[in-house]
Amino acid sequence: MIPVLLVTICLAVFPFQGSSIILESGNINDYEIVYPKKVAVLPTGAMNSAHPCYDPVTCQPKEKEDCESGPCCDNCKFLKEGTICKMARGDNMHDYCNGKTCDCPRNPYKGEHDPMEWPAPAKGSVLM
């Protein structure tokens with residue numbers, strides 16, 4: 001398939017800014033913003049609404065933002081250490097955020113082969 005080139009700004013169309021979005025698969029969610037010396041991959045569905053973790057002009061993560069999504073991410077910040085991110089079921093134990101990642105780490109005090117460990121520990125997206 002021939003890539004389609006659209007001229008637009010990160011999340012909205014403005015005539016004064018000329019960033020390029022390349023749709024390689026024809027799917028609006030599979031795209032990259034191309035700059036002279038850098039490429040920013042935007043979150044899935046970013047074309048539909050402005051993402052609060054990204055600068056709408058530069059399409060880059062905002063300064064001092066930790067994460068984009070995940071069970072231990074809220075408003076682009078890691079949740080504080082000790083916040084429950086996965087409730088216990090049965091005799092199981094809660095999983096807690098560690099304040100350093102957007103993922104929900106497995107409680108280290110759980111048994112090695114926990115029958116309640118489904119689905120797998122939840123993952124999120126960290127901003128780099």
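Positions of Cβ are set from backbone N, Cα and C atoms, glycine also.
Of all Cβ atoms in the shown protein chains, 20 besides its own fall within 10 Å of the Cβ of CYS53 (disulfide bond). For CYS53-CYS59 (among others), the entry in Swiss-Prot reads disulfide bond.
Mapped onto three states, the DSSP output places CYS67 (disulfide bond) in strand. Annotation source Swiss-Prot lists disulfide bond at CYS67-CYS76 (among others).
Secondary structure at CYS72 (disulfide bond), taken from DSSP and collapsed to helix, strand or coil, is coil. Positions annotated as disulfide bond by Swiss-Prot, on the basis of sequence analysis: CYS72-CYS97 (among others).
What Swiss-Prot lists as disulfide bond is CYS73-CYS102 (among others), and the listing cites sequence analysis.
Note on CYS85 (disulfide bond): other Cβ atoms within 10 Å of its Cβ, all shown chains, come to 22. The disulfide bond annotation in Swiss-Prot covers CYS85-CYS104 (among others).
Residues annotated as domain 'Disintegrin' in Swiss-Prot, with sequence analysis given as evidence: 26-112.
The signal peptide annotation in Swiss-Prot covers 1-20 and rests on sequence analysis.
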Hey, which of the disulfide-bonded residues CYS67, CYS72, CYS76 is the loneliest by Cβ count within 10 Å?
CYS76
Have a look at the disulfide-bonded residues CYS67, CYS72, CYS97, CYS102, CYS104 and say which one has the shortest Cα distance to CYS59 (disulfide bond).
CYS67
Measuring Cα to Cα, how many angstrom lie between CYS53 (disulfide bond) and CYS76 (disulfide bond)?
6
Pop the mean pLDDT for the domain 'Disintegrin' (26-112) in here, whole number is fine.
74
If you measure from the CA of CYS85 (disulfide bond) out to 10 Å, which disulfide-bonded residues from the list CYS67, CYS76, CYS97 are inside that radius?
CYS97
